[in-house]
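Notes to accompany the following structure.
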Amino acid sequence: MKKLIAANWKMYKTIDEARATGRELVSAVAGSLPADREVLVCPPFTALHALHDTFKDVEGFAIGGQDVYPATEGAYTGEIAPGMLLDAGCGWVLTGHSERRHILGEDDETVARKTAFSLKAGLRVVLCIGEKLDEREAGRLEDVLAHQLQVGLADVDATYVPQSLVVAYEPVWAIGTGKVAGPAEVVEAHALVRSLLEARYGRDGAAIRILYGGSVKPDNAAELLSLDNVDGLLVGGASLQAVSFSRIILA
């Protein structure tokens, strides 16, 4: 399967800024995108339509939502349904991002509902998991990741594996901090995630792509992508500028 290089633009960029960055990115990458790479950009909801227009004729580029609500429609002020994301041109959605877990209080059960509902609606999902620093220091890495996967995938059957499900490992202590998990730490965590997915879904589970996220930058992308069981990257701050993100895509 192709390496997936995903950008999470979080709460940055106006529509015009998103369109300009998207065009710069296409100009920098489209003609030289390796056959084994695909690009996903998750902008703010307001910029989805603009980026869809920018990427619609560019092979290997897709857009996704940063979040979703597990309902078809309803009186859920401020939320967005999977069908609305699809209507805006999205093929993907993020669920369980650490900032939603730890800033907005989303629990594993909420993440599970969003993940299952989105898959059933026809979106592909990047499910984010990862431990906090105190959990790693307490030797609880396996317990934390196993629990997040067990609950987060509780209602996801093998129908969606491996083609529609991606798991992103993002150690919380490395997100936006400038700290990067060392190669041995990344390999350990990704091997653990791979074994847990294989135990749950068998051979197809072992084929689920696992991304690394956490202070990914142009100067560490190639090393991260070379590590065992790293099938792509989830990029935050370094994806906001086309110059730096294009270097990561082509690393």
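A Cβ is built for glycine as well, from the same backbone N, Cα and C atoms used for every other residue.
Substrate binds Asn8, Trp9, Lys10, Ser215, Gly236, Gly237 as Swiss-Prot records it, and from the list Gly60, Gly176, Gly182 the residue named for this site is Gly176. Lys10 (substrate binding site) has a Cβ environment of 17 other Cβ atoms inside 10 Å. Set side by side, the binding-site residues Asn8, Ser215 differ in how many other CB atoms lie within 10 angstroms of their CB, and the most is found at Asn8.
If you measure from the Cα atom of Trp9 (substrate binding site) to that of His97 (active site, electrophile), you get 12 Å. Asn8 (substrate binding site) falls within a strand segment according to DSSP.
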